[in-house]
Amino acid sequence: MDPSNQKHFSAVDYVVFALLLAASVGIGLYYALSGGRQRTTQEFLMADRSMRCLPVSLSLIASFQSAVAIIGVPAEIYTHGTQYWFIGCAYILGLLIPAHVFIPLLYRLKLSSAYQYLELRFSKVVRICGTLTFIFQMVIYMGVCVYTPAFALNAATGFQLWGTVLITGLVCTLYTTLGGLKAVIWTDVFQTLVMFAGQIAVIIVGVERTGGMSEVWRKVKEGNRLSGLDLNPDPTERHTFWTLGVGGVFLMLSLYGVNQAQVQRKFSRKIFPESVKSCYMVFPSLQLALGLSCIMGLVMFARYCGEDFSEKLGSSSRDAMVIYFVMDMLQGLPGLPGLFVACLFSAALSTISSAFNSLATVTMEDLIKPHFPSMSEERATLVSKALATSYGLLCLAMAYLTHLMGDSVLLVALKIFGMVGGPILGLFCLGMFFPWANSKGAVAGLGAGLVGAFWVGIGSIVTRSSGAKRLPPSCHINTTAAFQTAIGNVTSLETNSTLFFSRPTGLHRFYSLSYMWYAGFSCLIVILVGLTVSFLTGPMKEGEATPGTVYPLLVSLSALMSFFPCCPKIPSPQGPHSHKESNGTASGQHTPSQQQTERLLPDADSRVIEYETAV
Ligand SMILES: O=C(O)CCCC[C@@H]1SC[C@@H]2NC(=O)N[C@@H]21
Ligand code: NA
């Protein structure tokens, strides 16, 4: 951004911002010095399973709501209209299914890491493959998360970009390492509140400075930014009801159903119904967060439509425009720019700290502990802390990668979730819903899913097949030439390509698959290839898998159908807990060790009893 247009932070802004960082470190220090002082991995990674519902749910939203969404969603709405809002429809099934299928199954197995499931269901190799894929996903995502607020602060105030990246990384590493999961959850609560406050402040001031609600509404309508329900079934159409509302469900499942950063928090509840309740409580807050960012995009549109940007923006990124808008709105109101930047950092810190903590957990539980079973508790805690620190440093390196990509941060984040999260979701689905799937099928499926996802993902980057239709940039149909130059040549190219849009064919059509389908597409490949390979190499037989690792789909379906008297009844082959114990004699298949089964089953049962007597 042109330095002459940068707004300056007043002293009050710096104070507000510094207070946020200090408060987060303070919470970390408090939990480092109180309670069990983070001396056990149970406390450090699981918060002693003692957290309450409200903090857990606020923390649950915080883990996948970062500065990326706060900046990226308004930028998306500004350029493409409100179609993205329909992703909110995917939140319904995307949260109900985890609450009633994934979380209960994983919770009853009393796992520390979600990937432990893969070993119980398949084998050690599958667990390691799943864990490595998860680590890969979270490390790239963390890079985007650390980079975004630093980029924003730099664009807004000229503050040193890499200095900010470094400070964010360090502050976060510090409180995560000091205070463990309890600090992560309580800082999340505080940071989520700051996040909402920042967004609301920008909207209120923005509406007021644009001439009130009715004026905003008029301009938004004139500029054609309010998108109706687009029911076009074409999967290459970037945003339609189907890509967002249905494709988005897979994205949500990969994030809220099987991602360690989420699952770990749900495990931090002592009794099972609370763990389910926390899934429900995420829904309204996620909708609120989505709604606020969409409204911010609309207000921004109302403010700038038809205005000349050429002098103001030195960057072609639409993300930079959001920052410009915010600083433009909040100037002359000391403290508010600081609050907004604090909001971005809050959102980012809460996401990064969850990622650190979950990465430390899976590395410890899935990659280290199995090889050093006799490691002392003190040493394990020390290693977990060292891990949290090293991931902190790694994510700084990843931030640089994001910088090089220079794409819209929201797109980058959602593509990562689809391309890498989708295959992980597929692996869990294969294990939970298909009793025949074996370990070889799982590894082959995961490999094929990743290859498929990267093929289409990289193909779309190389051939620039985004499927995006850009709306005319102005409230007035006759766009000024100045605005066209301001937004850059990209706009005119894209607008033209929309006008002369010819349907891609062959491989190009495949590369134009909407990124919202990446998760569903790769999940499906994992299941199909996984099942094929399983059947070719000798499928597992009914009841052979470790008890409790297969979801009784038929039983649940018939229970669901009994609500609808007109539906035919499905005969139930076995009850949810009636799996016979396996002797695991079939070759190539996982045999749960005696010790494992003993450790798991009594706990699992006691959990169920706890669940039934709790409320
Ligand atoms: O903000 C981010 O860091 C990433 C953006 C991805 C957000 C996902 S998409 C569906 C769901 N809704 C949210 O608000 N977060 C997740
Ligand atoms: Na966050």
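The backbone N, Cα and C atoms fix where each Cβ goes, and this holds for glycine too.
Because the structure is a prediction, the values reported are computed rather than measured.
Among the features that TrEMBL reports, transmembrane segment is placed at 12-33 (among others).
Summarising the annotation, TrEMBL assigns transmembrane segment to 53-73 (among others).
What TrEMBL records for 85-107 (among others) is transmembrane segment.
Within the chain carrying the transmembrane segment (128-153), a Cβ under 8 angstroms from the stretch's Cβ atoms is held by residues 66-68, 71, 113, 115, 118, 159, 161-162, 164-165, 168-169, 259-261, 319-320, 322-323, 341, 344-345, 347-348, 351-352, 355-356, 358-359, 362-363, 366-367, 391, 394-403, 409, 412-413, 416-417, 420-421, 423-424, 427, 442-443, 446, 450, all 6 or more beyond its ends. The transmembrane segment annotation in TrEMBL covers 128-153 (among others).
Among the features that TrEMBL reports, transmembrane segment is placed at 159-178 (among others).
Long-range contacts of the transmembrane segment (239-258) within the same chain: residues 60, 64, 80, 83-84, 86-87, 89-91, 93-95, 97-98, 101-103, 114, 229-233, 279, 282, 414, 417-418, 421-422, 424-425, 428, 514, 516-517, 519-520, 523, each at least 6 residues beyond the stretch ends and with a Cβ under 8 Å from a Cβ of the stretch. According to TrEMBL, the feature transmembrane segment maps to 239-258 (among others).
Look at TrEMBL and you will find 279-302 (among others) tagged as transmembrane segment.
According to TrEMBL, the transmembrane segment annotation covers 339-362 (among others).
What TrEMBL lists as transmembrane segment is 382-403 (among others). Residues of the same chain lying 6 or more positions beyond the ends of the transmembrane segment (382-403) and with a Cβ under 8 Å from any Cβ of it are 41, 44-45, 139-140, 142-148, 150-151, 161, 165-166, 169-170, 172-173, 176-177, 352, 355-357, 359-361, 363-364, 368, 375, 409, 412.
Per TrEMBL, transmembrane segment is recorded for 409-434 (among others).
Taken from TrEMBL, the feature transmembrane segment applies to 441-462 (among others). Within the same chain, residues 118, 122, 125-126, 129-130, 133, 415, 418-420, 422-424, 426-427, 430-431, 507, 510-513, 515, 518, 521-523, 525-535, 537 sit at least 6 positions outside the transmembrane segment (441-462) and bring their C-beta atoms closer than 8 Å to a C-beta of that stretch.
Sequence-distant contacts of the transmembrane segment (515-536) (same chain, six or more residues past either end, CB-CB distance under 8 Å): 87, 235, 238-239, 243-244, 246-251, 253-254, 411, 414-415, 417-419, 421-423, 425-427, 429-430, 434, 436-438, 440-442, 444-446, 448-450, 452-453, 456-457, 460. Residues annotated as transmembrane segment in TrEMBL: 515-536 (among others).
Taken from TrEMBL, the feature region 'Disordered' covers 572-605.
According to TrEMBL, the feature compositional bias 'Polar residues' maps to 583-598.
Most Cβ pairs under 8 Å with the transmembrane segment (53-73) belong to 339-362, among the candidate stretches 12-33, 279-302, 339-362, 409-434.
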